[in-house]
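Participant: For reference, the structure I am asking about is given below.
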Amino acid sequence: MKQDSTRNISYTVDCEDYVHVVKFNPFDSGDSCSLIAYGGNNYVVVGTCRFQEEDAEVEGMQYKTLRTFHHGIRVDAIAWSPETRLDAIPPQIRFCTAASDRKLRLFTSDLQDKNEFKTFDGHSDYINDLVFAPNEGQEIASVSDDHTCRVWDLEGNEKAHFVLRSPGMSVCWHPEEAFKLMVAEKNGTIRFYDLITQQAILSLECEQIPLMSADWCLKNTLKIGAVAGSDWLIWDITRSSYPQDKRPVHLDRARLFRWSRVNENLFATTGYPGKTTTQLLVHHLGHPQPILTGTAAVGSGLTWHRTLPLCAVGGDHKIFFWVTEM
């Protein structure tokens, strides 16, 4: 867990397997540490992180594994529930995964004797993204290559079903807009659905394909970002259905887009895993060039810390962390 200056990686955590996906808990769990989950070929590991940027008594970074959950199949996506609490007695850990067998799995654990999981069936193709309802955590939305977005209750019953015109790549649920769901499609369209009427209410257009990832800015509900082709694109949804700002960033193709959770002008993108390395770029809308460039050996996944300008990417037997300026 030393600082690594050779490739400006701030910290690394060693893992037992290739890390396909990594996700900081975006919700307050009532503890001073941050929860992080990462998925390998057949398990999910949940651990806590503490960084010197938030605690002067920490040297560099402290990481501790809380529990390893057997998954039995490759993990492709992870979503945290806002019901996860480390300050409850007993504590509750709840998260949901998407796997290569087209199923969702909902895990609930008290980190002691209670370890339950439920399997949700319904998607007929690869699931690309999933998210919990951000306030109560009683529903989960998922999008798939089967051209659907589905909303489930915690028993695995389907509560809503939206037919898409192309594969669903990203789904976002904003805590300030709890009755709307944002769905990004590979064909370059981003739609907002009203969950009460179950109708589309707004759409945005990339005008380029393939759209691989999109995100809804936590700090400003009017800002949407995405990567399509080799570019990043930013919308202000009050101004136009077309992007206000876009820039080519990754030579081959861009893969993921994630807004920082602490600054509405800060975001990160990753390129496609190349033969040897994946490029991570951190951008600030006030700067013409990326403010940080990192590389990870065949990296996958991208996640921001809840309260720090710090992001993480998974890789070969490692998680890489980068601290950036605000």
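Glycine too: its Cβ is placed from the backbone N, Cα and C atoms.
Copying in the features that TrEMBL gives for the protein in this structure:
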REPEAT    120-162  repeat 'WD'
Participant: Where DSSP helix means H, G or I and strand means E or B, what are the helix, strand and coil counts for the repeat 'WD' (120-162)?
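Facilitator: Its residues divide into 0 helix, 24 strand, 19 coil.
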Participant: Which value does the mean pLDDT take for the repeat 'WD' (120-162) in this predicted structure?
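Facilitator: A mean pLDDT of 97 is what the predicted model shows over the repeat 'WD' (120-162).
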